[in-house]
Amino acid sequence: MFSYRHAFHAGNHADVLKHTVLIAVLDHLLEKETALTVVDTHAGAGLYRLDGDYAGTSGEAAEGVLRLMAPQTQSDDAAPLADALARYLAVVRDFNPKGGARIYPGSPFITHHLLREQDKLKLFELHPTDARTLAANIAQLEAGRQIAVLREDGFGSATKFLPPPSRRALVLCDPSYEIKSDYGRVLDFIGAALKRFATGSYAIWHPIIPRPEAHDLPRRLRTLATKAGKPWLHATLTVKSSKIVTDATGAQHRPGLPASGMFLINPPYTLKAQLAIALPQMAARLAQDRHAAFSLDAGV
Ligand code: SAM
């Protein structure tokens, strides 16, 4: 059914952007005592081994979290790491008490790590193997009723938790976009979710690749948020050119994911300023060629 496995991509540049933003949003939302519900519509397996077969084969973490963790040489940007990035690395380090980064936490474990007793976490994962691994990983936490793992379609089922009884929730929508219809389903899902719960916080990850649906998605999310009268924030990170490269033998190579974005509806008011400092550092430190860049836009 699915071929996408997040284990190949864990800790890559897209995870650095996504998880840095996730942690910054959670830190802000958790300042209030009232219980928070986090709904993770596409949860993945939860925990990944960066020295395991999947991550080792792709080597993507080496260009992402591992590059960020490496000690800076004198020629590198000497400025201290932005707070949001330092916080992200501190969370990854919490999962690796012996040093290094053999273990990479996915969104369910990052979120659980930050949540308090009164908060709830709802995890959707449809891939049979990843859903089983996720359930087994979560079972180790002995989190009881705080966490629900559902092997259901996140797009179709996640709105049932909205609004939660405390009327405070963050929805993370992080599909693999391996099928073209995912782009439209994100829009339908966010539209339906906003109708049920207009004051919720929404964080949507999206790939930036040369295909029309990918190009349109952030523009259509912006229209959705604006029509609903809700503030939005859009952060993107590019690490390399999206051009197909032809080598000396004439063989063509696709560059792999060159860029991605996080689109937020009802973002914390503090987030834009935090990302304005963190994004230039992400682009500088994760650059793979001279096309590395970032953008940060906001609106009401
Ligand atoms: N959010 C995770 C993280 O940050 O660690 C990574 C998630 S990965 C990008 C997307 C996941 O969605 C994959 O594990 C895939 O199996 C799962 N998936 C695909 N379609 C789904 C659907 N309709 N509902 C729930 N999960 C789905």
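In case you wondered, yes, glycine gets a Cβ from its N, Cα and C as well.
The S-adenosyl-L-methionine site recorded in TrEMBL includes HIS19, HIS42, SER107, GLU125, ASP153, GLY154, and the single candidate from ASP83, ASP94, ASP174 that the record places there is ASP174.
Between the CA atoms of HIS42 (S-adenosyl-L-methionine binding site) and TYR4 (site 'Interaction with substrate rRNA') there is a gap of 12 Å, rounded to the nearest whole number. Within the same chain, residues at least six positions away from TYR4 (site 'Interaction with substrate rRNA') with a Cβ under 8 Å of its Cβ are HIS127, SER176, GLU178.
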